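Undergrad: Features from Swiss-Prot:
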type: ACT_SITE; residues: D658; note: active site, 4-aspartylphosphate intermediate
type: BINDING; residues: C67, C70; note: Cu(+) 1 binding site
type: COMPBIAS; residues: 11-21; note: compositional bias 'Polar residues'
type: DOMAIN; residues: 133-199; note: domain 'HMA 2'
type: DOMAIN; residues: 207-273; note: domain 'HMA 3'
type: REGION; residues: 1-21; note: region 'Disordered'
type: TOPO_DOM; residues: 1-298; note: topological domain 'Cytoplasmic'
type: TOPO_DOM; residues: 321-338; note: topological domain 'Extracellular'
type: TOPO_DOM; residues: 359-365; note: topological domain 'Cytoplasmic'
type: TOPO_DOM; residues: 387-403; note: topological domain 'Extracellular'
type: TOPO_DOM; residues: 425-558; note: topological domain 'Cytoplasmic'
type: TOPO_DOM; residues: 582-602; note: topological domain 'Extracellular'
type: TOPO_DOM; residues: 621-931; note: topological domain 'Cytoplasmic'
type: TOPO_DOM; residues: 952-963; note: topological domain 'Extracellular'
type: TOPO_DOM; residues: 983-1001; note: topological domain 'Cytoplasmic'
Amino acid sequence: MAPSRRDLQLTPVTGGSSSQISDMEEVGLLDSYHNEANADDILTKIEEGRDVSGLRKIQVGVTGMTCAACSNSVEAALMNVNGVFKASVALLQNRADVVFDPNLVKEEDIKEAIEDAGFEAEILAEEQTQATLVGQFTIGGMTCAACVNSVEGILRDLPGVKRAVVALSTSLGEVEYDPNVINKDDIVNAIEDAGFEGSLVQSNQQDKLVLRVDGILNELDAQVLEGILTRLNGVRQFRLDRISGELEVVFDPEVVSSRSLVDGIEEDGFGKFKLRVMSPYERLSSKDTGEASNMFRRFISSLVLSIPLFFIQVICPHIALFDALLVWRCGPFMMGDWLKWALVSVIQFVIGKRFYVAAWRALRNGSTNMDVLVALGTSASYFYSVGALLYGAVTGFWSPTYFDASAMLITFVLLGKYLESLAKGKTSDAMKKLVQLTPATAILLTEGKGGKLVGEREIDALLIQPGDTLKVHPGAKIPADGVVVWGSSYVNESMVTGESVPVSKEVDSPVIGGTINMHGALHMKATKVGSDAVLSQIISLVETAQMSKAPIQKFADYVASIFVPVVITLALFTLVGWSIGGAVGAYPDEWLPENGTHFVFSLMFSISVVVIACPCALGLATPTAVMVATGVGATNGVLIKGGDALEKAHKVKYVIFDKTGTLTQGKATVTTTKVFSEMDRGEFLTLVASAEASSEHPLAKAIVAYARHFHFFDESTEDGETNNKDLQNSGWLLDTSDFSALPGKGIQCLVNEKMILVGNRKLMSENAINIPDHVEKFVEDLEESGKTGVIVAYNGKLVGVMGIADPLKREAALVVEGLLRMGVRPIMVTGDNWRTARAVAKEVGIEDVRAEVMPAGKADVIRSLQKDGSTVAMVGDGINDSPALAAADVGMAIGAGTDVAIEAADYVLMRNNLEDVITAIDLSRKTLTRIRLNYVFAMAYNVVSIPIAAGVFFPVLRVQLPPWAAGACMALSSVSVVCSSLLLRRYKKPRLTTVLKITTE
């Protein structure tokens, strides 16, 4: 089934206590860094006794943002609305999140606030956990970090909104909100009130379906379809767009399923209507394409009108006939002046209307953005030219006009924005490739009585339900996560796990949606669909990272907040400085243009300063790089959960490894068994296996597998494990009771009403079990050879010892050496005994070892290393590693590990390969280097270009930068930054053969 855009890491919002508010802030993986202050505000309100449980949160698409100043503008506009508690804006995603009190402010008011700020807004989507929904919205018009901050600020302060994140790179906003307090329309309105375009992309509501309907040819067809929907049981409400054929249906899932709903519509329409479930990515892609197309149309329109201006200004004066026509006086002006005025007016106020609208809304909201600079620069050129014409008509003194500067400036800015939209689209290529892994359709097998297959039909993959039996042809993609029920084949899982070798699949083998069936036909039963599917969760993690803000983004946000006022101030100084210089004779009149004045000469410098300055490049420097890097990481099997984690990893000083399952393969095998009692070997193994059958620890599974093989000479499963449930039902194991797993020690339970202990020395000591010297010597010999000695005591007496070996991963030693070459110090922290730990550490080349450490103690080790400000990474795979993963600055969970470990980590290594630890750190370093280069370019561009535009070098070079050329430079600067980030797509992960060439950075 096609993946959802959401992960399942959100918790319900119940409100009422500070702890609850704190929890919901902590689990919000998409929260940007400035959520903290808002959380404090809410906590303060709780302490004051004010109820915040009724707050609502909306997510809106904001159109019109072009730079960081825009997002700051939208955010400020929303924060100024009474009743808005929190707002956040993502510039690249054109998205805003708002938290507000519906008793004080309505969604329409928030939308109007964004529109009043000069942007268009539209509700995007909503998602439901238990008490909240999460909606995703497109936000059009964002161009820089200021736009993002503005939209985010508005959305976060909306009552009922729990979390809001807006991303510039994808023009998306995500809002988690209480649907009882605020709805999606209110969120869209908030975005539009901020001056951006917003629309709903998708919802995680289980009772909502968006369909594309083919077959609506006229009004009668639409009425027939509406009649069918009205009669269908379970349909609560629907909305049909008769022009686009898009149908949105809200239904009761307890009455009718989504597939039954689609089947019912098609059957009642007697085949006239064909319905297809619309993927949220499809809807989003169409919006992105539409925005780029709209920008292209604007550019072409402006270009078509600018070309005649160029001919009138440059070519025609050299052609006698045309020159005569242009200087022919028609009323108070010459024909050429009339033509230029008319053409430029269309460009200025029709094609360039968007700049005025966005600038006005931003200014009205007390903020500034790139649109303000463009509107100011073009208006100065246009209205000066109009004034010069009117002044000439009245006085007879004709000054030069600069209509062409205004027109060409708008044309070049539109070209730059079009190129920028294309470049930004490239940053999401990795996400698009992940989405395309899911097939559009699936073959559903229908069953008759007794489970006999009676037929098959093709259905939309988005309509697959858990329990469906599906047929997968050779070469086809697996349509959903599930289990093979018939057939055998090899499946290529490289696109999901990064593992290049095809994996054998037989009956009861799990399969992952989006992977490719290589050879034989398979029948599978779907188990996980929608947001539960592996591919969906991968996409959700990538999307989460792309929506988040890296801490380094704070710099761009600060600069964006002061950028435009500083530029306007510099432009005024330029105008005044050159004007005064001319008045006092500081420069010769020969510098002036023909028929020009000192004011005109100064004005051109001032306009160039205004239009050459570019806040967009700064706003795009970080989010575009983060977006590309997270996508590249996903394609290489490294899932990064956020910009914060991506940034922290570049300065990792220590990497802490767990031993079992991390440095080792996690495929423990029993190599030695020695009985120190009157029991025979079979009795002993049955006793130990019975005790360990209830444990999920790798060592326990190894013991059970060994005992089974001893009794039945059976082969274990492919991964060295056996099915404990089957073992318990097989009859050869003894009944147990009072089972307890003791982390860091072992297990204990009752067998035949007698206590059995299986574990290490600590467990024996705590239970007063004496270990004779000859047994201790035997255990020490095992440990010194790198094996784990498991001691067994029964009914108060030691009865035997088992030696278990867990082979090291083949790449472990090389990865450790690679980390040392990178300037990173590896440390092994394990709950195993010191002798085994030292033996394993020596084999892989780790000098710093911490053994016999309890799970909570691992977190203490990390905190001790963090005391001097060092950045610590933790690599683990088990539940007992989750406290350490959470305590580390950068937690890395092995993908084959437990869900708890993956949940606590910042990175997920899908391949279960330690080589990806180096990839994660190396990718982080490359990304931060690229971000710094982007900032250097963006800052250097403004630092160098503004003085040039102001004429600082004019006395030496005698070259004045025309306003249109300044506008072209400005437009191309942001495109250059995006293209710089796109270079990260060429990233190649370090290979085992080259990893040792990595040097310290």
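Along the chain as shown, the residues are counted starting at 1.
From the backbone N, Cα and C atoms, a Cβ is placed for every residue, glycine too.
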Undergrad: List the Cα distance (Å, whole number) between D658 (active site, 4-aspartylphosphate intermediate) and C70 (Cu(+) 1 binding site).
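TA: On Cα coordinates alone, these residues lie 46 Å apart.
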Undergrad: Here the recorded positions are C70, D658; which one has the lowest number of other Cβ atoms no more than 10 Å from its Cβ?
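TA: Minimum Cβ neighbour count within 10 Å, taken over the recorded positions C70, D658, occurs at D658.
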Undergrad: Kindly state the mean pLDDT of the topological domain 'Extracellular' (387-403) in the predicted structure.
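TA: Value for the topological domain 'Extracellular' (387-403), mean pLDDT as a whole number: 77.
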Undergrad: Please count the residues of the topological domain 'Cytoplasmic' (425-558) that DSSP assigns to helix (H, G, I), strand (E, B) and coil.
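TA: Counting residues per DSSP class in the topological domain 'Cytoplasmic' (425-558), I get 42 helix, 44 strand, 48 coil.
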Undergrad: I need to check the long-range neighbours of the topological domain 'Extracellular' (582-602): which residues 6 or more away from its ends have a CB within less than 8 Å of a CB in the stretch?
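TA: Same-chain residues near the topological domain 'Extracellular' (582-602) but 6 or more away: 384, 388, 398-400, 574-576, 954-955, 958.
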Undergrad: What parts of the chain pack near the topological domain 'Cytoplasmic' (359-365), using Cβ distances under 8 Å and only residues at least 6 beyond its ends?
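TA: That would be 64, 69-70, 73-74, 76-77, 80, 113-119, 150, 194-195, 371-372, 374-376.
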Undergrad: Under an 8 Å Cβ to Cβ limit, what residues of the same chain, 6 or more beyond the ends of the topological domain 'Extracellular' (387-403), are close to it?
TA: 309, 332-333, 337, 340-341, 343-344, 381, 593-597, 600, 604, 963
Undergrad: Quick one: what's DSSP say for C70 (Cu(+) 1 binding site), helix, strand or coil?
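TA: Once the DSSP labels are grouped into three classes, C70 (Cu(+) 1 binding site) ends up as helix.
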Undergrad: Within the topological domain 'Extracellular' (952-963), count helix residues (DSSP H, G, I), strand residues (E, B) and coil residues, in that order.
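TA: Helix/strand/coil tally for the topological domain 'Extracellular' (952-963): 5 helix, 0 strand, 7 coil.
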